[in-house]
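> Before I ask anything, let me first share the structure, which is written out below as structure tokens.
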């Protein structure tokens, strides 16, 4: 069963990700949610998960004897016109003696329950780990040191610095990303510069759709806080936040397209992969303080080196060529498209809006059967869906073996 020995393969995310921050609490709260994020089936009616290793998520707070529990199926639905629509199941992990099946002993047969245990676990014991209160604690990222679920399932990489006010869109950890095949797959999937930028832009768009909404007041605060702490809100131009683009001095990055689109321009996300963190700026830079009549000026000089062996080296060079001192220019592939013949004809006296061809009305699709569309979501289903923070397949930027490592967005 799932409690067998590891086969040598692993579904664990890339080992370059260093896990810091809080660990799962040792004692549970009054909530009844899983401490960990879910694994999700890729298709409807998928069989129950099988694990290459023990199937128990990593938790350094627990002894080996306590590393046992169960995965429980959670049916999922999303609202649709006239009712709800089923989506692939999610499976949540609970320690033995906790969660919705707290009354079961390890190994008891029940539909929608898969028991798992690490080697050396005392499956006769019951856990005091408790469950999670979603109002107080975020889901803890899944990590499997000895192998994850089979290829019918996926889970999303959650960075530990994710706040409660927003949701992260990051790399999906799935069976296809196993360690032995990672090096080969990186090279095959590195893609062209156009694909890289398109995927980067898609990440930003998805993050805006699924994340918490930014109010006008919040956007204004983001754009007008202390200059060195500003970020560009959605819908803002670069020069609205950081001033006009220039040449040969501070503020010289960004062409006209980037200035107009702001963070929607995928090149912004691509280049942020090379920008140092605040700690790197402070401790890895040459810092030069200088007293001026208006105050203290801090000059921070930092150099990021992108190896010529980096799969994205040419792409970064191209973006720099376009955007450094790029004011007044646009990418060659961003020339305005000529208007169609029908729309470019000069207006005449005989022209009238009434003569324009009306778009054909879409035929109404027949209503789905009762087994596909049911009533509105129940309160229990809404609660269950509330902890499903990643319903859609994430959009992944494959940076390859970049100079700074993987998954740095």
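Positions of Cβ are set from backbone N, Cα and C atoms, glycine also.
As annotated in Swiss-Prot:
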| type | residues | note |
| --- | --- | --- |
| COMPBIAS | 15-31 | compositional bias 'Low complexity' |
| COMPBIAS | 164-179 | compositional bias 'Low complexity' |
| COMPBIAS | 180-192 | compositional bias 'Basic and acidic residues' |
| COMPBIAS | 247-259 | compositional bias 'Basic and acidic residues' |
| COMPBIAS | 341-358 | compositional bias 'Low complexity' |
| COMPBIAS | 368-384 | compositional bias 'Basic and acidic residues' |
| DISULFID | 320-323 | disulfide bond |
| DOMAIN | 31-156 | domain 'CoV N NTD' |
| DOMAIN | 215-331 | domain 'CoV N CTD' |
| MOD_RES | 190 | phosphoserine |
| MOD_RES | 192 | phosphoserine |
| MOD_RES | 378 | phosphothreonine |
| MOD_RES | 379 | phosphoserine |
| REGION | 1-32 | region 'Disordered' |
| REGION | 29-160 | region 'RNA-binding' |
| REGION | 44-69 | region 'Disordered' |
| REGION | 121-145 | region 'Disordered' |
| REGION | 164-195 | region 'Disordered' |
| REGION | 226-333 | region 'Dimerization' |
| REGION | 238-259 | region 'Disordered' |
| REGION | 326-409 | region 'Disordered' |
> Give me the DSSP three-state residue breakdown of the region 'Disordered' (238-259), ordered helix, strand, coil.
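Its residues fall into 9 helix, 1 strand, 12 coil.
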> Using a 10 angstroms cut-off on Cβ to Cβ distances, just flag whichever of 320, 323 is the loneliest among these disulfide-bonded residues.
320
> Looking only at the region 'RNA-binding' (29-160), what is the model's average confidence as pLDDT?
88
